[in-house]
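A.B. asks: Have a look at this one.
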Amino acid sequence: MSTTADPVALGVKSPVEEALVVKTTTTVANAIAKTVAVISSTVSSSSTTGATSTPTPTFSSSTTSTSTPTPTPIQSSSPTLENAGEEKLSVKDLSQALQHFGIVDYMVFIAMLAVCAVIGFYFGFIEKKQKKQKLADKDGGGAAGVEERRGSEALDYLVGGRQMKVFPVALSLVASFVSGISLLGTSTEIYVYGTQYAFILVTLAISGAISWYIFLPVFCNLQLTSTYEYFELRFNKSVRLLGSAFFTVANLIWLPIVIYVPALAFNQVTGINIHIITPIVCLVCIFYTTAGGLKAVVWTDVIQTVIMIGAVVFVIIKGTYDVGGLGVVIQRNFDSGRIEWPEFTFDPKVRMSMLALVVGSVGHNTYQFGCNQMMTQRYMSLPGVKQMAHTSFIFVFGLILLYGLCIYNGLLLYATYFDCDPLTTKLAAAKDQLVPLLVVQSMTSFPGVPGMFVAGVFSAALSSLSTGMNSLAAVFLEDYIRPLRKKPLTEHQTAVTMRVCTVIIGVVSVALVFVVERMGSHVMQLAITIGSVVQGPLLALFSMGLLCPSINSKSAIVGSLVSFFFMGWLSLSAQVAINSGEIYSETKPVSIDGCDYEFDRSLVTPANATFLSEESANLSFAEQLYHISFMFYTVMGGTVGVIVGHLAGFIFGRNERGDVEDELLSPCTRRSKSMYSSVNLNENSIKSPNEKS
């Protein structure tokens with residue numbers, strides 16, 4: 001799925017004549033010494049069938065059976081291909097030769113895994129032993145008693161004893177939020193659909209402000225290890241279990257997608273099957289997460305964030321230099337119509353409109369920032385509100401910076417391949433394989449850099465995986481195991497239970513990669529679409545609890561369950577429609593006029609092809625619903641849940657104003673408008689669900 005830098009430059013710099021005079025074997029062997037690409041073994045095998053050509057090249061689209069309604073006209077001449085066929089490099093030759101990883105690249109990649117394992121070993125064994133020795137040297141009672149409580153197994157493993165530092169936690173939040181899905185998918189989004197998605201940079205700041213002023217004050221005051229303990233305080237134990245179940249399902253859906261993306265990269269550059277490399281790499285992640293707990297997760301996230309950002313910055317600088325500078329990048333994208341504002345329309349079926357970004361993206365990210373256990377657990381690891389505020393600011397700023405780099409990388413992708421689209425030629429067999437292809441183009445002369453990029457993509461995935469496992473272990477312990485136990489767990493039982501849960505979660509996530517492999521669609525869209533099945537109901541539950549004091553537990557359960565089934569139907573119907581070709585999104589024009597390697601042009605979709613589509617007026621009400629932009633899905637699920645919860649109040653009754661304590665409501669709905677003033681981060685002030693009257 002890759003190419004070489006000099007003789008075969010994908011129509012960027014090398015003329016056709018230069019490519020024809022270089023021997024194929026020597027060219028590929030020298031040019032791809034240090035390469036990286038993304039492609040699955042199953043796709044690779046199908047994309048290289050045939051003697052000298054790839055399977056049917058089509059324009060990139062959101063479906064597997066349709067193409068963009070306005071592709072760039074493609075001129076194809078069979079006699080010309082026949083005359084040049086013996087001298088030009090074929091896509092098959094490139095794809096087979098690109099499965100190569102140099103010694104330096106392997107060393108960089110292994111070094112990243114080794115550092116993560118060492119961090120886990122340190123916090124799991126050395127630091128823990130030192131802490132026990134320190135406590136043993138102290139006298140009992142007084143401050144030592146509080147210190148000993150801070151050193152309890154669950155508190156130390158799940159929230160780092162509430163003594164973590166601001167900057168590492170902020171970087172951990174960035175690493176956890178930006179998985180390989182975002183790292184590769186955001187750039188692909190810009191290349192295929194244009195800069196409409198870039199407006200997300202503004203919505204990230206809005207989402208951060210909303211989560212800090214509406215959702216996080218409650219969780220910070222209550223100091224809960226599991227966010228879903230809130231549901232028992234606000235409603236009852238049944239709602240808590242329901243919310244925990246939603247979160248569990250959401251992560252078991254999301255984590256396999258996170259693992260799958262970097263596994264594709266490693267598969268192509270080494271030829272190792274994804275189902276071999278995935279368990280090996282995830283075993284390292286399971287080890288350091290199981291051994292070191294949250295401290296290991298946070299500090300490995302710091303290392304992985306540095307690698308991730310470094311890899312992206314290096315690729316951007318070198319790639320921009322190769323195409324001729326920033327002005328060339330902007331001009332080529334402007335000429336192709338890729339630089340544009342989101343469409344100003346109130347039609348929710350428009351894939352990436354201003355409405356979809358302002359409403360849909362803000363709602364989705366507000367849930368992620370303020371209600372997601374993986375985020376709130378990091379905030380709970382900090383010693384005070386001041387540190388939480390600083391962390392929140394650095395997190396949002398870092399997120400905007402990293403997304404900005406990924407968005408610019410998407411512009412760089414088009415500037416590099418503006419006259420030879422690798423998706424059309426099938427050099428890139430899927431949309432999310434474009435960024436690694438750029439790495440091949442730019443970094444072949446820098447030993448170790450492709451390895452750093454693969455390590456960066458894997459770092460993004462491992463940080464999300466470790467965070468997910470640690471957060472699920474917290475939920476399993478606090479929401480499933482402890483409430484069902486008649487006797488409290490001992491420290492030893494707690495330690496064993498948390499680590500067993502972490503291992504089981506990791507193994508299940510790796511196994512579910514087999515399922516993800518069979519699913520189509522662009523990974524960013526797939527993650528949001530499938531994740532909304534449970535994120536929508538969870539957003540509804542948190543909104544009803546924090547913002548709607550009149551809604552009681554029965555109404556909340558009914559609303560969230562209706563939302564769950566509705567979003568399940570919506571997401572499934574949309575995914576089926578995408579895969580069948582019923583739903584497609586118009587992509588930006590591409591060209592293959594400058595391609596200087598051989599590919600099968602015989603079945604390339606012509607510009608004047610007729611595309612079947614249904615007018616919106618002819619769609620039924622159900623079809624209108626699942627044709628709505630995927631950006632709205634989480635907000636739709638939350639809205640449906642809240643509306644049904646209010647309607648259920650006519651059957652199950654409503655709470656009186658005084659029935660709900662102020663500390664369980666968002667500051668904007670409290671009778672007293674205090675926000676964080678009641679926070680007291682002493683361990684003895686932590687509220688337990690059992691204290692509820």
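Any Cβ shown, glycine's included, is placed from N, Cα and C.
A TrEMBL annotation is a machine prediction, not a hand-curated record.
Features from TrEMBL:
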type	residues	note
COMPBIAS	45-80	compositional bias 'Low complexity'
REGION	45-85	region 'Disordered'
TRANSMEM	103-125	transmembrane segment
TRANSMEM	166-185	transmembrane segment
TRANSMEM	197-220	transmembrane segment
TRANSMEM	241-266	transmembrane segment
TRANSMEM	272-289	transmembrane segment
TRANSMEM	352-371	transmembrane segment
TRANSMEM	392-417	transmembrane segment
TRANSMEM	452-476	transmembrane segment
TRANSMEM	496-516	transmembrane segment
TRANSMEM	522-544	transmembrane segment
TRANSMEM	556-578	transmembrane segment
TRANSMEM	630-652	transmembrane segment
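Map these features onto the structure and tell me what's around them.
C.D. replies: Sequence-distant contacts of the transmembrane segment (103-125) (same chain, at least 6 residues past either end, Cβ-Cβ under 8 Å): 34, 36, 269, 281, 284-285, 287-293, 295-296, 299-300, 303-304, 307, 447-448, 450-452, 454-455, 458-459, 462.
Sequence-remote contacts of a segment are chain residues at least 6 beyond its ends whose Cβ falls under 8 Å from one of its Cβ atoms, and for the transmembrane segment (166-185) they are 38, 257-258, 261-262, 297-299, 301-302, 304-306, 308, 312, 368, 374-375, 378-379, 381-382, 387, 390-391, 394-395, 398-399, 402-403, 406, 432, 434-436, 456-461, 463-464, 467, 522-525, 527.
Long-range contacts of the transmembrane segment (352-371) within the same chain: residues 177, 193, 196-197, 199-200, 203-204, 206-208, 210-212, 214-216, 227, 341-346, 396, 528, 532, 535, 538-539, 542, 629, 631-635, 638, each at least 6 residues beyond the stretch ends and with a Cβ under 8 Å from a Cβ of the stretch.
Distant neighbours of the transmembrane segment (392-417): 10-12, 166-167, 170-171, 173-174, 177-178, 182-183, 186-191, 195, 197-198, 200-201, 204-205, 208, 211-212, 216, 308-309, 312-313, 315-316, 319-320, 322-323, 328-330, 332-333, 336, 338-339, 369, 379, 434-435, 438, 441, 588; these residues of the same chain sit at least 6 beyond its ends, with a Cβ under 8 Å from one of its Cβ atoms.
Within the chain, the transmembrane segment (452-476) has long-range Cβ neighbours (under 8 A, six or more residues past its boundaries) at 36, 105, 108-109, 111-112, 116, 157-158, 172, 175-176, 178-180, 182-184, 225-226, 228, 244, 247-248, 251, 254-255, 258-259, 261-262, 265-266, 269, 281-282, 284-286, 288-289, 293-294, 296-297, 300-301, 303-305, 307-312, 314-315, 373-374, 377, 436, 439, 443, 497-499, 501-502, 505-506, 509.
Sequence-distant contacts of the transmembrane segment (496-516) (same chain, at least 6 residues past either end, Cβ-Cβ under 8 Å): 153-154, 157-158, 251-252, 255-257, 259-260, 263, 274-275, 278-279, 282, 285-286, 289-291, 293, 465, 468-470, 472-473, 476-477, 481, 489.
Residues 62-63, 235, 238-239, 242-243, 246, 519-521, 526, 529-530, 532-534, 536-538, 540-541, 544-545, 584, 622, 625-627, 630, 633, 636-638, 640-646, 648, 652 of the same chain, all 6+ positions outside the transmembrane segment (556-578), place their C-beta atoms under 8 angstroms from a C-beta of that stretch.
Beyond its flanks by at least six residues, the transmembrane segment (630-652) meets 348, 351-352, 356-357, 359-361, 363-364, 367, 525, 528-529, 531-533, 535-537, 539-541, 543-544, 548, 550-552, 554-556, 558-560, 562-564, 566-567, 570-571, 574 of its own chain at Cβ-Cβ distances under 8 Å.
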A.B. asks: Hey, which bits of the same chain come close to the transmembrane segment (272-289), Cβ under 8 Å, at least six residues off its ends?
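C.D. replies: Distant Cβ neighbours of the transmembrane segment (272-289) are 40-41, 113, 116-117, 119-121, 124, 259-260, 262-264, 266, 296-297, 300, 458, 462, 465-466, 469-470, 502-503, 506-507, 509-510, 513-514, 517.
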